[in-house]
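Listed features, source TrEMBL:
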{"type": "ACT_SITE", "residues": "B:K112", "note": "active site, charge relay system"}
{"type": "ACT_SITE", "residues": "B:S187", "note": "active site, charge relay system"}
{"type": "ACT_SITE", "residues": "B:S211", "note": "active site, acyl-ester intermediate"}
{"type": "DOMAIN", "residues": "B:57-508", "note": "domain 'Amidase'"}
Amino acid sequence: MALTLLRGLHSNCFRLYPSVYVARKHVRHFSVRSSQGQTAMQEKQHTQLKASTKSESAKYEEVLKNYEAVIGIETHVQLSTRTKAFCSCPYNYGAHPNTSVCPVCMGLPGALPVLNSKVIESAVKVGLALNCKLSLSSKFDRKQYFYPDLPKGYQISQFDIPIAAGGYLDVDLPVEFGGGHRMFGVTRVDLNRAGVPLLEIVSEPDMRTGTEAAEYAAELQRLVRYLGVSNGNMQEGSLRCDVNISVRPHGQEEFGTKVEIKNLNSFSSVSRAIDYEILRQAQLHSQGQADQIVQETRLWEEGAQKTFTMRKKEGLADYRYFPEPDLPGVNLSEEYISTIRDSLPELPETKRRRYENMGLNMQDVLFLANDINVAAFFDATIATGADVKLAANWIMGDIAAYMNNEKLSIDDIKLTPQELGELIASIKGGTINGKIGKEILFELVAKGGTVKGLIQEKDLVQIADPSEIEKIVDKVLANNSKQLEQYRGGKTKLQGFFAGQIMKETKGKANPALLNKILLEKLNSKP
Amino acid sequence: MLSSAQTPRLLRSPAALTFKCLHTSPILTPASTSPSPSQILTNRKALLSRQTSAVDLAKSFLQRLRRHEPQISSFLYVSPDDIVLKQAEELDNRIKNNEEVGPLAGVLVGVKDNICTRDMPSTAGSRILENYRPPFDATAVRKLREMGAIIIGKTNLDEFGMGSTTEGSAYQVTANPWDLSRVPGGSSGGSAAAVSARQCTVALGSDTGGSVRQPASFCGVVGLKPTYGRVSRYGLVAYASSLDVIGCFGSSVADAGLLLNSISGFDNFDATSSKQEVPDYASQFVPLDYLESKPLKGLRVGVIHETLGNGVDSEVVSSVRSAISHLEELGCTVSEVSLPSFSLGLPAYYILASSESSSNLSRYDGVRYGNQVFGEELKSLYGDSRAEGLGSEVKMRILMGTYALSAGYYDAYYKRAQQVRTIIRNSFKDALDKNDILISPAAPSVAYKIGEKKNDPLAMYSGDIMTVNVNLAGLPALVLPCGYDGGSAGMPVGIQMIGAAFDEEKLLKIGHIFEQTLEGYSFIPPLVADE
């Protein structure tokens, strides 16, 4: 708990909401999918952070009273199409270099790019999900520069007419960061790169803090995973965020000099790099050295927890864009767009609102809606008629803990939503008690099977017959006459001892309420 | 084997032109009679009737190729005899076993060296691709092979297709078979010269601004530039992607058309190839016997006014004018058409083509293939490889194109040129709505001397005035010989017929009838005819 508090302190060192310093009551293991599942808030649990000193955070707070940061993010999402964007070569992360190449992606003389239609479909999905206006006719352009990984000396990109533009993204900030709903503008979605297909999503400069930026990125990750267009994995580089950040005095209209930060490999590094950079720039402002903020690209160094100059921009690079003559324009029909629109799954934002309306609190909502597979499991469970809150508790509690320990995703566990529904019903209906329920759950997640089958097989039906319980109570009291004497002599704490003995005798099957009622009666009755 | 060119005669029997023909004279004769018969059809007939074998046919072509090659230098690479003969032998076996053979069975094809062939080098005439062998066949080459054609070798060209004389090749200078002191034109000069000298039956070229049509005109052969998108560009080493097309050379309109038949159509590997249906162009080559006296009656021919004025050699103008009279005799209604934007085509073409080439040629960085000059640093590896590997004309166009696309200049050059392109496209469309075809000379002059314009690029560029507009408009055009400069001993003059998009059929029909009814000319260079 203490550790969490310190982590919270550091990563939120200049949060505006004092409530963030209240540590989370329940430290849950949010990482539902160990390789995939982090979002900004969850990741912090895994990151070793040093606590900053009190004086430092006070300094930040002081600085931020006078300055405001303006943050925009360029996100590059690698689409998980089976083949590359402009040829039929398969794309696999981690494949040996040059094992999946053809004349087209090698840029051999005479080879021509042909657009993979899945790429357009993915872009349209993302565009729609981000509430963008789609361009019915867009085109590709060549962006030219020499680089060893660029076989043709140009990159096929979209320059002046992106496939989608003018949208927004809804974000629910995590409870521990003060909560709240934000809406961030999305300037454009474009098809950004040849070879391995890359979608570029450019935000409006709408964000003001590291947390907002990290949550924006996390929501994008959720979105592309919900849509199934990318695995959104930051470590593999499937989702990359370049952050543009400037600082200006409160009340100033025009933007300060903007700095770009790269090498952000996790949501927490997005958040921390921004917070670091805000402080750096704000301090320069406050020391009258704002002219030392120059337009440049800075790298976030995870080890040092600092940003460093990578390259200064000496004038704008001239990429000599011109329309790609090898590819016809991208023309979308209204019909095509509406077919795609109809095929979109329930998106994170809609899902969260639905869960909220079911009466779940925001922490539960954020957890359940974070991973589309967890959400699907939850939805399937409540479709069996299970109690919403109970279903949420089981999933977020014991099931999440199990998955976290075993490093499994919800698709890997043997428990089905039907059986979880059955389990909840069995407890509610009194067939088994909660303790037995837990035992069964671990059987179910690890080995599978049915609740009914396990109850029968292990003879776990709750003993709810008062006369049967009475018999056992009598037996236990008789066998422990010494303790009974002590109890009656005033050592009433021994009630727990007797209850334990009885549970042991019934192998945990006794109805706890009934047991306690009968036990108390017997203990307190005159001999 | 080859008889000398005969004196011009009047309309002769066209019976030797089609499948129905009963041509019994020596099969290889390119033009023992005038007008030019279809070599493809004659050879096919002879093969199927067992009058000759594919092996004999191939041997005689190889012999003639080697005989003329030292003087003409049209080939950069000739397939080894045993490989050519093995393919011919396989065909003979199929014929012997009464198996089906493709429509181009035994046809010996020369392929411009900027078109990829998996079993031969493909250098595009550049040092930077010296010894480069692609791992794949261009779609057009693949189709030719599937039709039974035998690729005999790779023909010379101006480096990457940039030039109008073939002097821009990094390897050799090709001579015009009609006069060895003259250029064959370019950039497909090797293909044009090879077909002209009957070193191969037909040849593939590429046409970005006239590179098939101008050398066809210079060498007295038929050159066909198809509509942009008609033939897949996959495997054509890109010069200017929005203008490049693979084109056909033949010694007759029918041969050029039959070649087009085999290579046309949509290709999954070229997103700019058209899905428009491909008609059977062979059906156009009807024997003259079946034609009426005015076979082109009702066809509207528009003569482009701007192409017969200043700057065009008078001999060229008079040849084209008499060709126009010939078309009138065939029944065409001829009128003059003015295209005021015509002269804008040249600057627009050179800006657009250079811009695209500056981008297309970026891939030649010495890193993955081609010649590499080792460098301590990446920049010097790039720089030195390109400095050594690319020729001066190529470098000049890369520089021009880079400039035209640069920030601050883009609007004044590239964008403006695109606007001109739209104007030109529209003006051609209007003219072709009113006319079936448009007529112009193929070039403002006949073939000039080797070295004459080598140091005067602007003079060379201006020679492309007749052809570049057609590329900008993406239209098909057919060039065929229509006369001589300075009497029968002179150099051939070509006429250009421009058609509506995807209307190659009409061009071939008109071209074929024009050719077969043109009296008094034989377009076999003396070098070959005197054999």
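Cβ coordinates are placed from backbone N, Cα and C, and glycine is handled just like the others.
Given the structure is predicted, the values throughout are model-derived calculations rather than measurements.
Positions of the features from TrEMBL, shown on the structure.
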| residue | record | Cβ neighbours (10 Å) |
| --- | --- | --- |
| B:K112 | active site, charge relay system | 33 |
| B:S187 | active site, charge relay system | 35 |
| B:S211 | active site, acyl-ester intermediate | 37 |
Cα-Cα distance linking the residue listed as 'active site, acyl-ester intermediate' and B:K112 (active site, charge relay system), given in Å to the nearest integer: 11
The residue listed as 'active site, acyl-ester intermediate' to B:S187 (active site, charge relay system) - Cα separation in whole Å: 5
Mean of the pLDDT scores, which run from 0 to 100, over the domain 'Amidase' (B:57-508): 95
